[in-house]
């Protein structure tokens, strides 16, 4: 057989890009981390084209607590807090197991900044609440309960309410919190996902017009 008869070598495959929604290249996880369990349960999807609600069932994370998913990208995941301080309280974290903010990669950091704005806007629109906190704790002494880096987006409906002092104390690990109602959580998560979809599409359209 001549050298011309040999089949051509397959082309070199490029490294996967964070912008592609490839579920085969997910980062490593910690088996005992509840947030890693959520990351492994829900594959990434484009935020501007979320899948049908039945594919995001909150019970998929059983026997762990139900998860009301808001966002799932190759780098990040967001979901409602199961012990919310207010309606719409959600968590945003890297998909990979990063114990503290200092462990987050530059790419993850950029995505966190991008989606904190989007999620803040989506929660405000879905709940009608115009004020909110963004809180991020590092370590047990700083009231971090789950050792997987995460940001809280917490709507603040009553800044001058008499419960304000209790709210602030509870935010930093002191006081009682109420469990999320399952039906309300599922409905609210769907509404916030829809707002995320609209915001991301609007951003994409603006970026497209800017390149013309």
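Here, residue 1 is simply the first one shown, and the rest follow in order.
Note that Cβ sites are derived from N, Cα and C of the backbone, with glycine treated the same way.
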*Write down the single range among 21-44, 45-68, 69-92 that appears in TrEMBL as transmembrane segment.*
69-92
*When you get a sec, could you say which of 143-147, 148-152, 153-157 is annotated motif 'Histidine triad motif' by TrEMBL?*
148-152
*asked:* Using Cβ atoms and a strict cutoff of less than 8 Å, what residues sit near the motif 'Histidine triad motif' (148-152) while being 6 or more residues removed from its termini?
replied: 30, 33-36, 81, 89-94, 97-101, 103-104, 112, 116, 133-136, 138, 171
*Structural state census, the domain 'HIT' (56-164) (DSSP three-state)*: 34 helix, 24 strand, 51 coil
_I'm checking region-level scores; what's the whole-number mean pLDDT for the motif 'Histidine triad motif' (148-152)?_
98
